[in-house]
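Q: Structure below; questions to follow.
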Amino acid sequence: MIEAILFDVDGTLAETEELHRRAFNETFAALGVDWFWDREEYRELLTTTGGKERIARFLRHQKGDPAPLPIADIHRAKTERFVALMAEGEIALRPGIADLIAEAKRAGIRLAVATTTSLPNVEALCRACFGHPAREIFDVIAAGDMVAEKKPSPDIYRLALRELDVPPERAVALEDSLNGLRAAKGAGLRCIVSPGFYTRHEEFAGADRLLDSFAELGGLAGLDLTAPVA
């Protein structure tokens, strides 16, 4: 029987990436720099995981204003803006997520987050979408800079599994991106993928299931662990 479900956050629990993009752009404007990430550029930047890493990549190639602050400070300001936007209640969980989590809790299945986003972002999402602190929803939260290498490295999933004390063959990961799929499979997990707005163009070879919506799972019954791990 399945013992744990590990969730990515951005694009998986909720469609947050447009709000992240808005937070980046509003932060850039507040800092007085002529940077603006449109959807096409942001989609490309998302192939690099981690907000600080995206800013660094952007700075290596952009020809506009230089960075007004260290990257970590820019990212900190963006996180504060994102948390404020989340508090305005503009984001809802993706279809099927709330029911799956509720059913898993009733069944005694442990829940974890394994994400490259920061802990404050996870907390903001949980308070906005669940009305509770993250620790009241998830047994383990592996986030942000808790590991040295971000997805597609499997490190964040390995950390979550260690904290859960659950072997990968007794757990399943839910993801929305190719980097997330690679991270989950690298940790020995089965992985169910439902692409988000910014990842629908990606190829998901190796996914154990590929869904248009997590609502298609039909709850725990859809977490099929009978097939061997790819």
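Including glycine, each Cβ sits where the backbone N, Cα and C put it.
This is the feature table in Swiss-Prot:
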ACT_SITE  ASP8  active site, nucleophile
ACT_SITE  ASP10  active site, proton donor
BINDING   ASP8, GLU17, 50-54, 75-78, 115-121  substrate binding site
BINDING   ASP8, ASP10, ASP176  Mg(2+) binding site
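Help me see these features in their spatial surroundings.
A: Other Cβ atoms within 10 Å of the Cβ of ASP8 (active site, nucleophile), summed over all protein chains shown, number 28.
ASP10 (active site, proton donor): 24 other CB atoms within 10 A of its CB, across all protein chains.
Long-range neighbours of LEU119 (substrate binding site) (same chain, six or more residues apart, CB within less than 8 Å of its CB): ALA134, ILE141, ALA143, GLY144.
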Q: At the Cα level, what's the spacing in Å between THR116 (substrate binding site) and ASP176 (Mg(2+) binding site), rounded?
A: 13
Q: Take the mean position of the Cβ atoms of ASP8, ASP10, ASP176, the recorded Mg(2+) site. Which other residues of that chain put their Cβ within 8 Å of it?
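A: For the Mg(2+) site the neighbour list reads VAL9, GLY11, THR12, LEU13, THR115, GLU175, SER177, GLY180, GLY196.
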Q: Which of the binding-site residues GLY51, ARG54, ALA77, ASP176 has its Cα nearest to the Cα of ASP10 (active site, proton donor)?
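A: Comparing Cα positions, the closest of these binding-site residues turns out to be ASP176.
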Q: Can you see whether DSSP assigns GLY51 (substrate binding site) to helix, strand or coil?
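A: Assignment for GLY51 (substrate binding site) reads helix.
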